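Notes follow the structure.
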Amino acid sequence: MLFMAGPAASWSLRPLGLHGVPQALCAVLLTVLVMKTLVLGDTKLEDLHPQSLPLNKYLNCYRCLLETEELGCLLGSDTCLTPLGSSCVTLHIKNSSGFNVMVSDCYSKEQMVHCSYTRASPVFGFWIFYQCCFLDFCNNPDNRKNSMH
């Protein structure tokens, strides 16, 4: 039997509406796959050093790789820059039992085809809903309810 000490000992997946270990593992796998795609997807060399870019030509977005409404950002809270004409995005990963996690990031013009789009995820029983917006920090938790519909 495995025992955990510290804060991890009191963590439980029950409040998130998960009803079994397989479902929890699928949810974690799906979240990791989405985060990998967002982080490593279409990274270009000039995107790696945004400090040297003129800010008036770029949209500032909120970035969080794992977030829940109840707990806020759990992994990777940051900002990102994307050229004007692109968008900020929040992906909602949901299932029918009420599980809902979010991933927020910048989207390039080429990725904007997914805006306001719902699709099935690679993990059975989950789906992904994309929401895009076009103002500075419109996808952060405080602005999301007003700027994303």
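Here the Cβ of each residue, glycine as well, is placed from N, Cα and C on the backbone.
A quick note: this is a predicted structure, and the numbers were derived from the prediction, not measured.
Residues or ranges marked as signal peptide by Swiss-Prot: 1-41. Taken from Swiss-Prot, the feature domain 'UPAR/Ly6' covers 59-149. What Swiss-Prot records for CYS61-CYS88, CYS64-CYS73, CYS80-CYS106, CYS115-CYS132, CYS133-CYS138 is disulfide bond. According to Swiss-Prot, the N-linked glycosylation site annotation covers ASN95.
Annotated features, which come from Swiss-Prot, shown on the structure.
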{"residue": "CYS61", "record": "disulfide bond", "Cβ within 10 Å": "27"}
{"residue": "CYS64", "record": "disulfide bond", "Cβ within 10 Å": "21"}
{"residue": "CYS80", "record": "disulfide bond", "Cβ within 10 Å": "18"}
{"residue": "CYS88", "record": "disulfide bond", "Cβ within 10 Å": "30"}
{"residue": "ASN95", "record": "N-linked glycosylation site", "Cβ within 10 Å": "19"}
{"residue": "CYS106", "record": "disulfide bond", "Cβ within 10 Å": "24"}
{"residue": "CYS115", "record": "disulfide bond", "Cβ within 10 Å": "14"}
{"residue": "CYS132", "record": "disulfide bond", "Cβ within 10 Å": "19"}
{"residue": "CYS133", "record": "disulfide bond", "Cβ within 10 Å": "22"}
{"residue": "CYS138", "record": "disulfide bond", "Cβ within 10 Å": "22"}
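Across the fold, the C-alpha of CYS115 (disulfide bond) and the C-alpha of CYS106 (disulfide bond) stand 12 Å from each other. Around CYS73 (disulfide bond), taking its Cβ as the centre, 18 other Cβ atoms fall within 10 Å, counting all chains. With respect to their backbone Cα atoms, CYS61 (disulfide bond) and CYS106 (disulfide bond) stand 6 Å from each other. The recorded positions listed here (CYS64, CYS73, CYS80, CYS88, ASN95) include CYS88 as those with a Cα within 10 A of the Cα of CYS133 (disulfide bond). DSSP assignment over the domain 'UPAR/Ly6' (59-149) gives 12 helix, 50 strand, 29 coil. For CYS88 (disulfide bond), the spatially nearest entry among the disulfide-bonded residues CYS73, CYS80, CYS132 is CYS132, judged by CA separation.
Cα spacing between CYS64 (disulfide bond) and CYS80 (disulfide bond): 10 Å, rounded to the nearest whole number. Inclusion criterion for the recorded positions ASN95, CYS106, CYS138: a C-alpha placed within 10 angstroms of the C-alpha of CYS132 (disulfide bond); this criterion is met by CYS106, CYS138. Here the domain 'UPAR/Ly6' (59-149) has a mean pLDDT of 91 out of 100.
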